[in-house]
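I have placed the structure first, in the form of C-alpha cells, so that the comments after it can refer back to it.
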C-alpha cells in the first residue's frame, strides 16, 4: 500500500505532522489560483470527478476558483484559449481520458500554433492500472486498446500523452509519483508562461484525494508571467550596452519605425511598447497578428503591415523608413502576407525576439544574432534610457485617402464594402472585439481601432467555429479581471461598460453553436453578429462557388436563444437585418449603451453568398492548388 | 517539374497512351465505390477542395458516390462510424489539415477502440512544401509550427500523421509519391477490412488533379470485406480437422452454448452464426457488445452475458453449460462485466478469434492456441459439417421470471423502471436502434429484441454525444443499402418500412446537437427520444449528485427542429412527455406506422435527475475512485 493516506475529511489531517499536507487536487487548484487563473473550463467525466470535487473545497473557492461547464470539450479548449488571450494568464480546462481530451485536441493545437497559454488537465485511469495491481491487459473504457491483439496485450496508458507531447504541448507531466507531483505541476505552469504555449497534466483518478507536501506554495507563493519573466537571470550590463546601441541606431535614423508583433501581447509588453511610442512619436505599425497591441487612434500609427497584401499607403510608409524596431515576431504565412515582407535596402532592422536580438543590415543582407538577450528586458531598458530630444524625425507624410462612405439607398443590401466603412463606428475604446475565421475577418485588418480596444482573432491557425466558445472565455476573463485590457483608462469614456462583441459567419457558427447557451447560463454579456451568407464563403472564393460542399442548412438564427435557455426572451434580444438602412439604425442603437439591458444581443445580417472583402483575394489565390 | 501532367479537361486525356490514367482524386473515389462506400462525410477546407471536386466527376457520381457535409468534423467522424456499423463497409470522411482532422480525432479513436472500419482522408498542404520548392521554414496555416523557434525551424508536415499512426490507425499513407499512390490507397483499404480498424490517407492539395495509372482497378475491380477475407490463404485440410474436433466436443456435450461477440458483426459472420444456432438449437448468448447479432426472439437465446453484472438467470444458465463456443471475442472492462466472466470448471471452451482458435480446459486452466486458423473459415466449416442428429441436448430449464409491468396511474412520472418494461414494445423486427452512452443504455442490455433489429451503441469507448451524428451515418447507410441488416426477411412484416430510432440523454445531446439539422437536410427519417434529466446522470451516480459540474442548461427541446431548418414544421413533429400515461399513448402511436408522415419525430421525455437503471449500479461503483 502507498504510505500516503487518503484525506477522508478535513479534521483527520489537522495533526502537526501533516500541517503542510493537502490533497493533490487542492494543490492543483491553489497553484492555479496563485498563477492568476480563476476560471476552470471543462466537462465532467468518470476519471476527473474526484479532481473536480476539490473545486468546491472552501479554501479553493475562497481563492476565487470557479467551474464553468461547457457543452463539449472542444468548446472548453476554445474557451480556455479565449480566457488566456484576454487575461494573459493561463486558461485551464479539465477533461477526462480519451473521449474528453481528444475532443479538445484541435483547440490545444490552435493555442500551440498561436502561442496561447493553456493548461489542459486530463483525469486518467486510477493508479492501480499502472502499478500492476490489476491484470496488465485490462482495457479500461475511454482508452484505445493495443493495436495488436488487445485481448492479450496491455493497453498503453500513456498513448494520448505521447500523441501531444512535444507536438502541441511545450511541457507535460503524467503525475504517477506523488512525491514529485507538486514539483512537476509547478514546472509545467512555469514552462507554459516561459514558452507561451499549452502544457498538460495527467492526473490518475484516485490521486486527486491523496495528500502531498504543499511546501512549494510557501517557497513560491505565486507563479505568474511576471514571476517567470523576472526569474530569468540577465546580464544587466550587456543589456544596457545593447539598448544604447539600439538607441544610437534610432537617433541616427530620420525615419524610424516600430512594428508590434503578436509576442508583445503574449509576454505582456503591450504597455511598455505603447509608452515607447508615446515618448518618441515614431511611426508605428502592427503585424496582422499583432493588431490592437498599439494605440491605433495615435496619429503615428500607420496601419497593419502584411507584406505585399497590405494597403498601398502602409507599404509606401514602411518602405520610406530607414530604421525598424520589430518586436515579438512570429513568422508565418498569414502574419507576413505569404512571406512578402520587404523593407528598403537602406534600412537597418533590429528584431527583438523572446530570447535573442537580431541586427539586420538590409544593404548587405547580413544578420548578427545576439543570444541570451530577452526582449522584455531589452525593450524595458530601451524605454527607460530613450532621450526623445536626440531624435530628429523627418517623415514624408503621404496623403491618406479617406475610405469612401458607400451605403447607397437604405434598401440596398448589406455588403462587405458597406461593413468596411460602417462597422468600425460601432467599436468603442474599452471594448473587446472577437472575430472568427472567415471572410469578414480579412477586412478587419484595415479597421482603425479606437485606442483601447482589444482585438482577439485566431489569425494563423484559422479554425472556424473557434470564436464563439473563445468569446465565452474572454467574457469570463472580463468578469475575473475587469478592464485588465485597458492600458490608458483616460481614453475610455467614464463609467463606460466595456462590451464584448463577436462576429462570425453562419458556417462557423454552426460548428459550435451550442455554446451560446453558456452566455445565458453564466451571465456573460455579448453582442453577436452572425453573417448569414449561406455557407462557406472563404472556400467559395477559393473553389466551387456553387458546389454543394460549400452549402449549409438555413437556420432561424433569431430564434436560437429562445431555444437555448431563454424561452421568455428575458435575457436576450435578436434582430435580423438585410438592408443598409436597417443596419445603420441598428449600429446606431447598439453604439449607445445597452438600453434594452439584455445580456445577449444577436444580430443576423444577410450578406451575398459570393460577397467578400477585397483583402481575401490574395489569400484565395494562394490557396488555389 | 513533375513529369505527371494535370488533367485540364476530359478531352485532353483521350489519347491511347493515357487510356488508363485518371486523376488521383477520381481514383480515390472510384476505389471507394469499388469497396462498397457510397456516402462520403466531411467538411470542406482549403486543402481538400481540389479533392472534393472529383466527387462531381460524372463517372464518380455514376458509381453512386455522394457528399454529405456535416456541421463539424467530429460529427463527420461519428457519422462515418455509424455508416460502417450499419453497412459493414468502410465509412469515409474527408477533412482538411489540422483544424479539420484534429477535430475528428476522438471519433476515429472511438472507431479504433470498437473495431469500426473508417477511412479518414485528410487534405494536406500542397507538394511544393515537401519538395523544397518553398523556403523550408514556411509555416502554412492549419499546421502547428515547430516547438523550437518556428521563425527559423521548418514545420513538420507529418506531425499529425505521426500522432495517429499505429495509435488510432491500423494503416496510413502520406501520398507524396504519385507512382505508388494507387498501391498505397489499395493497401490502406485492404488493411481496414482485414483489421476492422480505421486507416488514414493524407492527400497533398495539388495531387488530387494529377494523373495516376489506374491499372489496379482492372486487376482488382473490387476490394470488399468478402474479397479481403477470401483472399487469405487457408489450409483447408487443417481447418476441416479442427471443425471436426470442435463438433466432437459439441456432440460430447449435453449442454453446449454459443456466445456471439462483437467481431462476428465486424467480420460479417452474423448470418453464419444464426444459421448454426438454427441448425443446432443450442442455447445461445450475446456479449454486451455483441448484442443483436443473434436472433433474440429465438427461445434458445438466453440473454446477454456480462459476467457477474448479468441478470441472475443468465449467470445460472451459462454456468450450467458444459461446452462453450465463444466467437469473435473482444475483452475489455465493459464487455466482460469488469472482467468477471466465469464459467463452470467442468466446461470446455472453444474461442474463435479472427486469426486463431483457443481450446481452454477450465478444469486444468490450460489453453491450447492454434494460430493461422481464421474464425470466418472455421465457423463456416463447422456450420457446413454439423450433424444435428448427433447432438443430445439436455438443458435444465430455469423458470424465467417475467418482468413486472409497473406503470402505476397514468399521471405517474416516467422512470427507467417503466421504460425497462414498456420501451421495448416500440421496437419492431427490421428497425435500427441507436443508443447513446448514458444511463438509459445500461438498461437496454437486458431488452429482448425482435428478431431482425440491429442495435448500434458505443458500449466500450463511451463517448457521449456520439450517437446523434452516428445515427445520421446509419440513416444514410440505410438509404444506400436498404434492409442490408435484415438476415431473415420472413420475420419482418410485409411492406414494413424499417425505422431508425435514436435515444440519448440531454447532456449528450447538447454535445453534438447541430447535426440534427442534417436529418432534415438529407431526408433521413428518425424517431428521436431525448431523456431530459437535467444533466449528466451517469456521473451523478458516480459522484457529485448535486454538484454544479453535473448540471446543464435547460433547453426548449421541442422547438429545436423549427430552428434547425424546419420553421414551418413541414418535416418534423416534436412531443414533450412527462407521465406514463402520455408515454404509453405516444409509444402506441409511434408503434403504428408513421401516420403523421414526418421525417423527424422528436420526443422529449422528462425523467428524474437521479433516476437510473439498476444495471448502472455496478459500473458506478467501479468508477468511484
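Quick reminder: no glycine exception, Cβ is built from N, Cα and C everywhere.
TrEMBL names A:142, A:539 as pyruvate 1 ligands; from the candidate set A:46, A:436, A:446, the record adds A:46 to that same site. Among A:506, A:527, only A:506 appears in TrEMBL as part of the Mg(2+) site alongside A:533, A:535.
The subset of binding-site residues A:46, A:142, A:193, A:533, A:535, A:539 lying near chain B, with Cβ atoms under 8 Å apart, consists of A:46, A:142, A:539. Those residues of the chain, other than A:506, A:533, A:535, with a C-beta within 8 angstroms of the mean position of the Mg(2+) site C-beta atoms are A:505, A:507, A:531, A:532, A:534, A:536, A:537, A:552, A:607, A:609. The maximum pairwise C-alpha distance among A:46, A:142, A:539, the residues recorded as binding pyruvate 1, is 40 Å. Take the CB of residue A:506 (Mg(2+) binding site) and look out to 10 A: across all protein chains shown you find 25 other CB atoms.
The two recorded residues, residue A:535 (Mg(2+) binding site) and residue A:142 (pyruvate 1 binding site), have Cα atoms 34 Å apart.
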